[in-house]
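For reference, the structure discussed in these notes is given below.
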Amino acid sequence: MSSSRPGFSCSWLPYLLVLPQLAITAVFFLWPAGEALWYSVQMLDPFGLSSEFVGLSNFIALFHDEYYLASFYTTLIFSSLVAGIGLVVSLFLAAMVDYVLRGSRIYQTLMILPYAVAPAVAAVLWIFLFNPGLGLITHFLASLGYNWNHAQNSGQAMFLVVLASVWKQISYNFLFFLAALQSIPRSLVEAAAIDGAGPVRRFFNLVLPLISPVSFFLLVVNLVYAFFDTFPVIDAATGGGPMQATTTLIYKIYREGFAGLDLSSSAAQSVVLMLLVIGLTVIQFRFVERKVRYQ
């Protein structure tokens with residue numbers, strides 16, 4: 001019995017259907033990326049009215065700027081903490097729901113709520129909790145003899161923005177991990193238990209390999225989130241301070257491009273950030289994906 005694949009009556013209809021998405025990609029990604037590449041090799045005035053070709057001078061100046069190199073290091077630390085802690089905590093919570101509280105819709109709903117909160121609002125929420133004078137958490141820490149002031153302590157400021165960023169992303173990770181865990185046949189877990197495998201061994205030798213495709217997908221998503229989507233959290237919580245301790249690459253681009261009106265430097269930083277993200281993505285797909293089991 002032969003089966004025929006349904007097709008379009010008009011040969012140009014498929015292209016017409018994808019045209020809006022192609023237009024959006026061209027206008028909001030390709031065009032800005034091209035502009036950034038062009039501006040990165042130009043010396044622009046603050047208003048962008050005149051320019052002079054300077055080649056790679058903007059990039060050379062970047063890597064001789066100690067503040068830029070510091071923001072580079074801060075970005076790597078911040079993104080690693082946000083992605084790593086977020087994935088581990090989300091997987092733990094999803095495992096608790098799947099194995100302990102399975103079917104608890106109220107608990108699942110409460111876990112999803114943080115995703116509906118805007119990043120800036122999430123930052124403000126944690127600022128209130130950690131306010132040096134009025135915060136509930138700081139009051140508790142003071143009773144233990146610990147002085148908290150993230151406006152003066154760089155380590156505390158980094159802890160605050162990481163905490164707010166992780167809390168904001170946990171719901172997204174939780175949904176994918178829970179769906180992956182609940183898709184595993186119970187018969188496999190029960191068979192492993194009958195063979196004498198304990199809960200920890202079952203999780204690491206059976207469950208974790210089966211959800212590795214979802215884990216790999218979330219690793220890529222969380223790194224991109226940490227690089228780009230945490231800007232509102234940092235801006236609302238610390239403003240990049242104290243002493244640029246929480247200034248990531250994306251926030252430094254904003255500060256120099258929009259606040260300092262140094263368009264050439266911000267464009268060069270945008271190109272470096274784009275190349276960094278592309279490089280990390282290639283590394284993940286070349287090396288990390290090899291350990292992913294899709295069957």
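Cβ coordinates come from backbone N, Cα and C, glycine included.
Predicted, not measured: the structure shown is a model, and the values here were computed from it.
Residues or ranges marked as domain 'ABC transmembrane type-1' by Swiss-Prot on the basis of sequence analysis: 72-284.
Taken together, the residues of the topological domain 'Cytoplasmic' (1-11) have an average pLDDT of 59. As annotated by Swiss-Prot, topological domain 'Cytoplasmic' applies to 1-11 (among others).
The topological domain 'Periplasmic' feature in Swiss-Prot is assigned to 33-80 (among others).
Annotation source Swiss-Prot lists topological domain 'Cytoplasmic' at 102-109 (among others), citing sequence analysis.
The topological domain 'Periplasmic' annotation in Swiss-Prot covers 131-157 (among others). The DSSP breakdown of the topological domain 'Periplasmic' (131-157), given as helix, strand and coil counts, is 12 helix, 0 strand, 15 coil.
Within the same chain, residues 94-95, 98, 102, 213-214 sit at least 6 positions outside the topological domain 'Cytoplasmic' (179-207) and bring their C-beta atoms closer than 8 Å to a C-beta of that stretch. As annotated by Swiss-Prot, topological domain 'Cytoplasmic' applies to 179-207 (among others), with the evidence given as sequence analysis.
Residue counts of the topological domain 'Periplasmic' (229-262) by helix, strand and coil are 19 helix, 0 strand, 15 coil (DSSP-based). What Swiss-Prot records for 229-262 (among others) is topological domain 'Periplasmic', and it gives sequence analysis as the kind of evidence.
Per Swiss-Prot, topological domain 'Cytoplasmic' is recorded for 284-295 (among others).
The transmembrane segment feature in Swiss-Prot is assigned to 12-32 (among others).
Here the transmembrane segment (81-101) has long-range neighbours at 107-108, 111, 162, 165-166, 169-170, 173-174, 177-178, 181-182, 203, 207, 215, 218-219, 222-223, 225-226, 230, meaning same-chain residues at least 6 beyond its ends whose C-beta is under 8 angstroms from one of its own. Per Swiss-Prot, the feature transmembrane segment maps to 81-101 (among others).
Sequence annotations record features per position, and here Swiss-Prot assigns transmembrane segment to 110-130 (among others).
Positions annotated as transmembrane segment by Swiss-Prot, on the basis of sequence analysis: 158-178 (among others). With a threshold of 8 Å between CB atoms, the same-chain residues lying at least 6 positions outside the transmembrane segment (158-178) that come near it are 74, 77-78, 81-82, 85-87, 89-91, 93-95, 97-98, 108, 111-117, 119, 122-123, 125-127, 130, 150, 211, 214-215, 217-218, 221-222, 225-226, 230, 233-234, 237-238, 245-246.
Residues or ranges marked as transmembrane segment in Swiss-Prot: 208-228 (among others).
For 263-283 (among others), the entry in Swiss-Prot reads transmembrane segment, with the evidence type sequence analysis.
DSSP places the residues of the topological domain 'Periplasmic' (33-80) in helix, strand and coil in these numbers: 28 helix, 6 strand, 14 coil. Under DSSP, the residues of the topological domain 'Cytoplasmic' (179-207) split into helix, strand and coil as follows: 22 helix, 0 strand, 7 coil. Same-chain residues lying 6 or more positions outside the transmembrane segment (263-283) and placing a CB less than 8 Å from one of its CB atoms are 33, 35-40, 42-44, 46, 48, 54, 58-59, 61-62, 68, 220, 223-224, 227, 249-250, 252-254, 256-257.
Here the topological domain 'Periplasmic' (131-157) has long-range neighbours at 237-238, 241-243, 245-246, meaning same-chain residues at least 6 beyond its ends whose C-beta is under 8 angstroms from one of its own.
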